[in-house]
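Please read the structure below before turning to the comments.
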Amino acid sequence: MNIILLGPPGAGKGTQSQRLVERHGMRQLSTGDMLRAAVKAQTPVGLKAKAVMDRGELVSDDIVSELIDAELTAMHGNVGAIFDGYPRTAAQAGQLDVILAKHDRSLDKVIELEVNEEALVDRITGRFTCAKCGTGYHDRHKQPAREGVCDVCGSTEFKRRPDDNEETVRTRMQEYRAKTAPILPIYEERGLVERVDGMGGIDEVTAAIDALLK
């Protein structure tokens, strides 16, 4: 099973990708993570990418495709792939088809986690964590049992991510729509796109995705 998992920041894509890895033995292929790892390991494609980035240029589709190709080559044929952050353009979608065919694979599903923008703004802007143990809380949905005291470790220090503000969240939503707009119609024409309500509980979303993969 090879899938593309789509969803804006805050939709729970990272959490669900990890669930797929744990429950189905799949491999998450995040182009950003792979690029950083290749540069750090000084692989041939990593050195090529570093030279481009050192010039202040964007890494080309060809280099990203090389990364994907190398990862699939290293993977066992029975291990499914979760593509995260790729493809983002029609050209990349075409390249992915070629790469998958080379490895006797095909794309089975494109799953989009749908979110309500207003609810997503509320979810993200209200979240905060214990500065000591990292336990997550929310202004409206999950306050500590004792005000100002972490339920887990008893710390009284909390923190918020500086980019968890309404303006940034809405900008991210716009960027996400712009990035996915070119590729969704391609996969919709093939009948591969499935949509899951990303605003449900984590277990509910996981169950909905599992049902699509059966």
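Positions of Cβ are set from backbone N, Cα and C atoms, glycine also.
Gly200 (ATP binding site) falls outside any helix or strand according to DSSP and counts as coil. Shown in sequence order, Ala208 are the residues of the chain, 6+ apart in sequence, with a C-beta less than 8 angstroms from the C-beta of Gly200 (ATP binding site). Among the features that Swiss-Prot reports, ATP binding site is placed at Gly10, Ala11, Gly12, Lys13, Gly14, Thr15, Arg127, Gly200, with the record citing sequence analysis.
Among the features that Swiss-Prot reports, region 'NMP' is placed at 30-59. Cβ atoms under 8 Å from those of the region 'NMP' (30-59) belong to residues 66-68, 70-71, 84-86 of the same chain, restricted to positions at least 6 beyond its ends.
Look at Swiss-Prot and you will find Thr31, Arg36, Glu57, Leu58, Val59, Gly85, Tyr86, Pro87, Arg88, Gln92, Arg160, Arg172 tagged as AMP binding site. All protein chains included, Glu57 (AMP binding site) registers 9 other Cβ atoms within 10 Å of its own Cβ.
For 126-163, the entry in Swiss-Prot reads region 'LID', with the evidence type sequence analysis. Looking just at the region 'LID' (126-163), the mean pLDDT is 94.
In this structure, Cys153 (Zn(2+) binding site) belongs to neither helix nor strand by DSSP; it is coil. Within 10 Å of the Cβ of Cys153 (Zn(2+) binding site) there are 12 other Cβ atoms, across all protein chains. Per Swiss-Prot, Zn(2+) binding site is recorded for Cys130, Cys133, Cys150, Cys153, and the stated evidence type is sequence analysis.
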Fewest other C-beta atoms within 10 angstroms, as judged across Ala11, Cys130, Cys133, which are the binding-site residues: Cys133
Largest tally of Cβ atoms lying within 10 Å of a Cβ, found at which of the binding-site residues Thr15, Thr31: Thr31
Gly14 (ATP binding site) CB neighbourhood, other CB atoms within 10 A: 15
Rounded Cα separation (Å) that holds between Cys153 (Zn(2+) binding site) and Gly12 (ATP binding site): 25
